[in-house]
């Protein structure tokens, strides 16, 4: 395909037009008085959202240079969303301000590489200042306030704080759609996985259709169990102990399954068979998680263990196991606390090293099952459009709350960024590097000014007032008051704020140092086939 090339100022301005088109659509959503954006969908109802990254992903521009500019800013939003789960609009606003100021200086003759170095040093300094000023999140109320701001709804913040209080900071909080109005919180203690009993005959509570085993032994097998002779030696030992048995295997079928069912019906021996969750390597990893949680071992030929020779010492234990037709919950496994912590650390390291969003999500679920519990927030709304928007807001707020617990919080509303600007004086830079630092100083005001503008206030006046206020004091855009924002519950996770700045600066530096852009040449659309006169050939009128 033929290419088109733009150089120098033309290239940079083309990229900037694309950036501005995207940023102008995104920035109207910033702050408590920000508006929504409607996204058309090819099928189904449109999406209404105020989430920066969702809006950015939908924007495709026609002009090839503008398209590249918009794609670069999408990266800012996506990266910020991946790292912190929020702050995508702030990152986009910062990127726009940095590029606007930077290109003005490049056009005036500044050296782009000098500006880039100055920007990088300034961002490093501001990040350091933000981290130093961050306050640890210690109370449920602080989590509720931070999550409430992210969701734009305090009741959502309160529910997320309650969920985190119950399942711990490492616990998984999932959001599901509900058929009812309002919000509900469901909690699961222990490890839960999405596989139920293989046969309905294992049920011990007919009314609830559950099988409940108190203080059972747990047999974990990585292969199928078909013949009863493999199981018999171990079954005899378990029967002598008088405890029930939970079998988790790839599958339990044929003779082995019918023997277990017959003994359960006769009341000779209480047991339940469940299929192991997952597939392939993920199944092996989850079985190993269960083994560590329950203090047992996985019976697998890979480690030289077989059912015929297995001893009762290889079985795991738990205080209670509840099995329904769809899921199994293991409560209070008897595993060694140190071994569980070791496994948690291993999974955390895998999350850090994983490039795949899907793998990371699955690892996060495994981590939660070992370290905490699972909380499910069920969200309902009047229409499907509102439901999708609400669910998305809650998911963002959950990630925001976790980021707050991780690194602490700073004053929200763009105030922390603006009030970190004086720290740049300590850098003592000269020449183009000093100009680069000044570009960052100007850009740090952009989020606050945009929040003020969206709230119907004069941005310059608000910025001047906040600049001369005490640290942490700024505009609460929801009320229009100037107050101590942390005390008023207007806080942002420092992880969100610093990620937004770092990612925006990274893309801005690339913009400024670009000297040529190579893009696909737009193809001319072919003329439609048929008679060019529009008549019907061979017809007399």
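Cβ from N, Cα, C; glycine included.
According to Swiss-Prot, the feature ATP binding site maps to 29, 30, 31, 32, 86, 87, 88, 89, 90, 413, 476, 477, 478, 492, an assignment based on sequence analysis. Around residue 31 (ATP binding site), the same-chain residues at least 6 positions away in sequence with a Cβ under 8 Å from its Cβ are 413, 450, 451, 454, 455, 477.
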Largest pairwise Cα distance, Å, within the listed ATP binders 29, 30, 31, 32, 86, 87, 88, 89, 90, 413, 476, 477, 478, 492?
20
Long-range same-chain neighbours of residue 478 (ATP binding site), Cβ under 8 Å, sequence gap at least 6?
32, 33, 490
Mapped onto three states, the DSSP assignment of residue 86 (ATP binding site) reads coil
Would you say which of the binding-site residues 88, 476 has the most Cβ atoms within 10 Å of its own Cβ?
88
